[in-house]
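S.K.: Here it is, the structure in full.
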Amino acid sequence: MASASQPAPGWGTDRPAASWNPPRCGVPDLPTLPDGQNGRNRQKRFVLSGGHWEKTDLTYKIIRFPWQLVNTKVRRTIAEALKVWSDVTPLTFTEVHEGRADIVIDFTRYWHGDNLPFDGPGGILAHAFFPKTHREGDVHFDYDETWTIGNNLGTDLLQVAAHEFGHVLGLQHTTVSKSLMSPFYIFRYPLSLSEDDKQGIQYLYGKPKTDPVPAPAQEHLLTGIRYSQSVQPDACDTDFDAVSTIRGELFFFKSHYVWRLRNGKLQAGYPALASRHWQGIPSSIDAAFEDSLGNIWFFQGSQYWIYDGERRLSGPASISELGLSASPVQAALMWGTEKNKIYFFKGGSYWRFNPSTRQVETIYPRRMADWRGIPQEIDAAFQDEFGFAYFLRGLLYWKFDPVQVKVLEGYPRQISHDFFSCAPSSNFFR
Ligand SMILES: [Zn+2]
Ligand SMILES: [Zn+2]
């Protein structure tokens with residue numbers, strides 16, 4: 001953060017930087033990664049700072065104002081800049097006028113106490129500090145800029161503020177052009193997030209809460225069962241939410257239901273409601289695995305549960321406690337004979353998890369490309385008794401060789417045919 005000496009291409013790098021000091025954000029750019037910057041990974045080019053706020057209701061305070069604008073207009077603009085982020089997340093922002101605040105906004109000049117001095121008119125316009133750093137929440141604007149709102153006669157406060165708030169919330173600069181988090185400044189109205197900005201912030205905080213009024217529990221349960229019974233999925237024509245080996249048997253999960261396979265044979269009485277085995281399990285889970293102690297972990301949305309057999313040990317608890325972001329996990333894989341390697345998968349990335357410390361080894365994800373032959377996005381994963389890993393996506397699955405560390409020849413194959421003895425489906429290539 002404080003590497004002010006790092007050369008940082010900025011707004012208008014096509015111009016000779018030596019003769020002209022292009023206006024830009026003062027947050028240094030990260031070096032461009034060799035991978036992940038090509039078209040194949042379009043959905044995942046936002047860059048994270050490594051931290052995010054542990055709460056979603058944040059306060060902010062404006063310490064000093066620019067001289068060119070009246071304070072009420074600055075207040076309205078700051079609120080508008082924050083709103084682009086709160087519109088697509090569960091985040092809320094409330095201005096406070098005294099006491100401490102999470103986000104502290106200041107207009108300041110030259111040396112101002114954080115080793116990142118401003119430089120007078122032009123050049124560096126503003127900078128902000130990432131969450132989980134020693135100055136988290138601080139946003140500084142260069143007082144010497146000609147601050148304007150809604151026109152191109154000076155430096156537009158709305159654009160710059162919205163960009164800096166992206167940093168304060170945990171986003172780094174992105175290489176995707178026309179993004180708010182691009183270090184390239186373009187005066188553009190109306191202000192809006194690019195798909196990359198949106199995915200980045202939702203990766204950190206999740207989507208907005210849609211239904212703030214939950215139905216009464218009893219009624220919800222009844223309608224839930226009636227609904228699920230009417231739409232009991234057909235194993236011959238469905239994808240799956242999660243699959244896990246549990247006590248040596250294989251369990252396939254889809255919405256409220258579970259299928260149980262012993263020695264490759266579907267057991268009588270299945271599919272059954274998953275809640276019959278695991279009381280309190282959410283209606284449709286994202287991922288599941290059994291750890292070396294025999295505890296079963298279930299994941300849904302931003303929460304997880306742990307069961308010992310059919311007895312709930314804990315949960316719901318927030319997956320952020322594990323070092324994961326708030327967005328749902330797509331699959332979990334227990335891998336290795338020791339049952340001590342757990343992997344979480346989401347959005348073309350994966351994390352290795354240590355179940356004894358209950359932390360991901362590093363919050364920085366690795367790329368799915370390490371799993372040679374496995375698609376970017378998967379629905380579920382599990383390991384069989386011989387150590388092969390299986391990855392499911394849609395109606396298909398891939399079998400992964402732990403010795404050669406790649407997908408076996410002849411895959412993907414059909415889940416319904418190989419696990420549920422269904423006739424090969426004409427939907428194979430849909
Ligand atoms: Zn920036
Ligand atoms: Zn500063």
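Our numbering is plain: 1 for the first residue shown, then up by one each step along the chain.
Glycine too: its Cβ is placed from the backbone N, Cα and C atoms.
I grabbed these lines from TrEMBL:
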- Cys25, His163, His167, His173, Met181: Zn(2+) 2 binding site (BINDING)
- 49-207: domain 'Peptidase metallopeptidase' (DOMAIN)
- Asp102, Asp138: Ca(2+) 2 binding site (BINDING)
- His112, Asp114, His127, His140: Zn(2+) 1 binding site (BINDING)
- Asp119, Gly120, Asp142, Glu145: Ca(2+) 3 binding site (BINDING)
- Glu145: Ca(2+) 1 binding site (BINDING)
- Glu164: active site (ACT_SITE)
- 233-281: repeat 'Hemopexin' (REPEAT)
- Asp241, Asp286, Asp379: Ca(2+) 4 binding site (BINDING)
- 282-324: repeat 'Hemopexin' (REPEAT)
- Ala288, Ala332: Ca(2+) 5 binding site (BINDING)
- 326-374: repeat 'Hemopexin' (REPEAT)
- 375-422: repeat 'Hemopexin' (REPEAT)
S.K.: Other residues with Cβ within 8 Å of the Cβ centroid of Asp241, Asp286, Asp379 at the Ca(2+) 4 site?
M.R.: Phe240, Ala242, Phe253, Ser284, Ile285, Ala287, Gln330, Ala331, Ala380
S.K.: Using C-alpha atoms only, work out the spacing between His140 (Zn(2+) 1 binding site) and the residue listed as 'active site' and round it to an integer in Å.
M.R.: 9
S.K.: If you average per-residue pLDDT over the repeat 'Hemopexin' (233-281), what number do you get?
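M.R.: Averaged over the repeat 'Hemopexin' (233-281), per-residue pLDDT gives 89.
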S.K.: How does the repeat 'Hemopexin' (375-422) divide up by DSSP, counting helix, then strand, then coil residues?
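M.R.: Counting residues per DSSP class in the repeat 'Hemopexin' (375-422), I get 6 helix, 19 strand, 23 coil.
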S.K.: Need the DSSP three-state call for Asp119 (Ca(2+) 3 binding site) to compare against my parser.
M.R.: coil
S.K.: Report, in whole Å, the straight Cα-to-Cα distance of Asp114 (Zn(2+) 1 binding site) from Met181 (Zn(2+) 2 binding site).
M.R.: 22
S.K.: Just give the helix, strand and coil counts over the repeat 'Hemopexin' (233-281), going by DSSP.
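M.R.: Taking each residue of the repeat 'Hemopexin' (233-281) in turn, the totals are 6 helix, 21 strand, 22 coil.
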S.K.: If you run the three-state DSSP split on His167 (Zn(2+) 2 binding site), which class comes out?
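M.R.: DSSP call for His167 (Zn(2+) 2 binding site): helix.
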S.K.: Indicate the candidate from Asp138, Glu145, Asp379 with the smallest number of other Cβ atoms within 10 Å of its Cβ, considering only these binding-site residues.
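M.R.: Counting other Cβ atoms within 10 Å of each of the binding-site residues Asp138, Glu145, Asp379 gives the minimum at Asp138.
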S.K.: Counting across all protein chains present, how many other Cβ atoms fall within 10 Å of the Cβ of Asp114 (Zn(2+) 1 binding site)?
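M.R.: So the number of other Cβ atoms within 10 Å of Asp114 (Zn(2+) 1 binding site) is 16.
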S.K.: Taking the Cα atoms as reference points, how far is Asp379 (Ca(2+) 4 binding site) from His112 (Zn(2+) 1 binding site) in Å?
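M.R.: Their Cα atoms are separated by 50 Å.
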